[in-house]
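J.: I grabbed these lines from Swiss-Prot:
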type: BINDING; residues: 108-131, 216-239; note: NADP(+) binding site
type: BINDING; residues: G181, G183; note: K(+) binding site
type: ACT_SITE; residues: C186; note: active site, thioimidate intermediate
Amino acid sequence: MRIEEDLKLGFKDVLIRPKRSTLKSRSDVELERQFTFKHSGQSWSGVPIIAANMDTVGTFSMASALASFDILTAVHKHFSVEEWQAFINNSSADVLKHVMVSTGTSDADFEKTKQILDLNPALNFVCIDVANGYSEHFVQFVAKAREAWPTKTICAGNVVTGEMCEELILSGADIVKVGIGPGSVCTTRVKTGVGYPQLSAVIECADAAHGLGGMIVSDGGCTTPGDVAKAFGGGADFVMLGGMLAGHEESGGRIVEENGEKFMLFYGMSSESAMKRHVGGVAEYRAAEGKTVKLPLRGQVENTARDILGGLRSACTYVGASRLKELTKRTTFIRVLEQENRIFNNL
């Protein structure tokens, strides 16, 4: 046993220090990034935000809606090959280039993903997703996927420390998914005692990944557009959003009605709700590590997308970054004990 004494920080623990700027307007900020990925060799340009691969977020409808904003969607792994075929038949090439195919690590997952990727060559992203990316089996699966799909861009996770980030990149991942326990409907930290404050995880993993020519996506912990800006400021190449994109018409959650008001169910992918839906229930040897919440319906996702992108542009103007690419270099974090004036928050 050992104790690390240095303080680890989440998004709520910091603010970004403003700096002198020559920008005249938020409209002067360029949010699009251009990337060439380490292993796949693929080039990609777009806004580096990803809708999470949760079945109440990462839907085909979400992918179609967010593609118009140049945003990616990691489509959840529970769609059938036939449903994928129908989606591809009704989608433009522009939509398909904004889609990630999500998969687990079983043999059945591998075969299903292979069938989906064979449907259309425009599907260039694979998201290999498990709750605990520290297992040897997971690393071996990433290597297997890289061998099978040498020209596909592979995103793999989740991990929160530099050494495991390096391990995954060396095994074939182009992008490492960073985050254990920060999600709005994740209870891993309270069920297991395991986790890592998200901002510190992003900073540590970005340093490790960039040293090897890899990239990271910050997955979880964002509750506001300001948190998205902090994730990019901390070195994230991409930011994945779940709760911020839940509750919309495109989100795919079940709608329930209480006292004449409609709500949409949103749950973690390790929750009892998710396991009942997809595997028949919680296995006797494990505990649910997610919760289910009811969200007031939020309308179409386009309004939320505009709000997120607008906040991100504004953050860039406050530090003098004319491009999102410059935000990390222009960011100085200050530790704080407060984020906002909350006097009217309950009204």
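Any Cβ shown, glycine's included, is placed from N, Cα and C.
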J.: Say we define neighbours as other CB atoms within 10 Å of the CB. Which of the binding-site residues K114, N120, G181, V228 has the fewest?
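T.: Comparing Cβ neighbour counts within 10 Å for the binding-site residues K114, N120, G181, V228 gives K114.
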J.: Within 10 Å of the Cβ of I216 (NADP(+) binding site), how many other Cβ atoms are there?
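T.: If we count other Cβ atoms within 10 Å of I216 (NADP(+) binding site), we arrive at 33.
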J.: Within its own chain, what residues at least 6 apart in sequence put their Cβ under 8 Å from the Cβ of C222 (NADP(+) binding site), listed in sequence order?
T.: F11, V228, A231, V239, L241, G243, M244
J.: Ranking the recorded positions A108, C186 by other Cβ atoms within 10 Å, which is at the bottom?
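T.: If we count Cβ atoms within 10 Å for the recorded positions A108, C186, the smallest count is at A108.
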J.: Is it possible to get the count of other C-beta atoms within 10 angstroms of the C-beta of V126 (NADP(+) binding site)?
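T.: I get 27 for this one.
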J.: Including all protein chains shown, what's the count of other C-beta atoms within 10 A of the C-beta of G183 (K(+) binding site)?
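T.: Looking across every protein chain shown, the total is 27.
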J.: Using the alpha carbons only, what distance in Å do you get between K114 (NADP(+) binding site) and G183 (K(+) binding site) once rounded?
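T.: For K114 (NADP(+) binding site) versus G183 (K(+) binding site), the Cα atoms are 29 Å apart.
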J.: Roughly how many Å lie between the Cα atoms of C186 (active site, thioimidate intermediate) and N120 (NADP(+) binding site), rounded to a whole value?
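T.: Taking the Cα atoms only, C186 (active site, thioimidate intermediate) lies 33 Å from N120 (NADP(+) binding site).
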J.: Cα of V126 (NADP(+) binding site) to Cα of G181 (K(+) binding site): how many Å, rounded?
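T.: About 22 Å separate the Cα atoms of these two residues.
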J.: Please report the Cα separation of I216 (NADP(+) binding site) and G181 (K(+) binding site) in Å, rounded to an integer.
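T.: That comes out at 17 Å between the alpha carbons.
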